[in-house]
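Colleague: For reference, the structure I am asking about is given below.
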Amino acid sequence: SMASPALLMRVVASAYSVAEKAATIVRNVMSAGDLGIVEKAGPNDLQTKADRLVQMSICASLARKFPKVTIIGEEELPTDDVTEDLIEDGHCEEILKKPCPAQYTGIKEEELVIWVDPLDGTKEYTEGLLDHVTVLIGIAYGGKAIAGVINQPYYNYEAGANAALGRTIWGVLGMGAFGFQLTEAPAGKHIVVTTRSHSSALVNECIAALKPDHVIRVGGAGNKIIQLIEGKASAYVFASPGCKKWDTCAPEAVLHAVGGKITDIRGNSFQYNKEVKHMNSAGVLATLRNYDYYASRIPNTVKESLVP
């Protein structure tokens, strides 16, 4: 008989279904019309009813199946008394059928840390820029992002009333990434994707130094990594603190699974063990290809301004 699937594949398969449930919640909150917006640290740091419900759904659903896994979510919320209608018990069969990469077959529950951003791009969500929004579930082992699920609840939302909304992208290191068409940015073009709502003099100085042909300003870290893996941008550059571990864990795993690279602005890789501080205080530099080209052009003045 077949050996039962390795823990990692069971976690990823569950996270896939949990992310699809999350997308349904995100769409339902929007269509019901009352977003329940709360300002956290200011007008660019918002939380909606969708952030709250989705986080409760993801964390409670995964904790019920994998009680020894550490789960860290963006929102400060109680985890008890989550209503049954928020629990997703399913999993993606197709993922369970894939063999686990050998280096991860012996992982135990207590060795995994799951970083959850229930709604990445909240500000854009409140402004109706729905294609910027993602749900992020990142899975870390030994401090490294090794698997990730990125759901875009509103993928295809401009394709008309009968279009199937949403998609789920997922990846595992040593296996690859699925749910999208991997595309490289046009050769010789330097297209930089950066923040839409958290700009600063330093952010702009850093981008100017790269002499880009084009700059795309969009919300959400998940969305920016999608721009890289679908060939719409050649580098994601954010020379500022503000991004957190739950923003980068899932996107990092997907990007690394297809041979890309993400670090802070100074070239340090991110650590995802449960004790780590949540803020990526030295910003983000990511590419699908040609990482060194961009890294070598980041000004030292910019690097010195950002302390990891």
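Using N, Cα and C of the backbone, Cβ positions are placed for all residues, glycine too.
Copied straight from TrEMBL:
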type	residues	note
BINDING	GLU74, ASP117, LEU119, ASP120, ASP247	Mg(2+) binding site
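A description of the local structural setting of each listed feature is requested, covering burial, neighbours and distances.
Modeller: Less than 8 angstroms from the CB of ASP117 (Mg(2+) binding site) sit GLY73, GLU74, THR134, VAL135, LEU136, ALA221, GLY222, LYS244, TRP246, ASP247, ALA250, each of them six or more residues away in the same chain.
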Colleague: With every protein chain in view, what's the tally of Cβ atoms within 10 Å of the Cβ of LEU119 (Mg(2+) binding site), excluding that atom itself?
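Modeller: The answer is 30 other Cβ atoms.
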Colleague: Taking the centroid of the Cβ atoms of GLU74, ASP117, LEU119, ASP120, ASP247 (Mg(2+) site), which other same-chain residues have Cβ within 8 Å of it?
Modeller: ASP51, VAL116, PRO118, GLY121, THR122, THR134, VAL135, LEU136, GLY220, ALA221, GLY222, LYS244, TRP246
Colleague: Give me the count of other Cβ atoms within 10 A of the Cβ belonging to ASP247 (Mg(2+) binding site).
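Modeller: So the Cβ neighbour count for ASP247 (Mg(2+) binding site) comes to 27.
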Colleague: So for GLU74 (Mg(2+) binding site), how many other CB atoms are inside 10 Å of its CB?
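Modeller: The Cβ of GLU74 (Mg(2+) binding site) has 22 Cβ neighbours within 10 Å.
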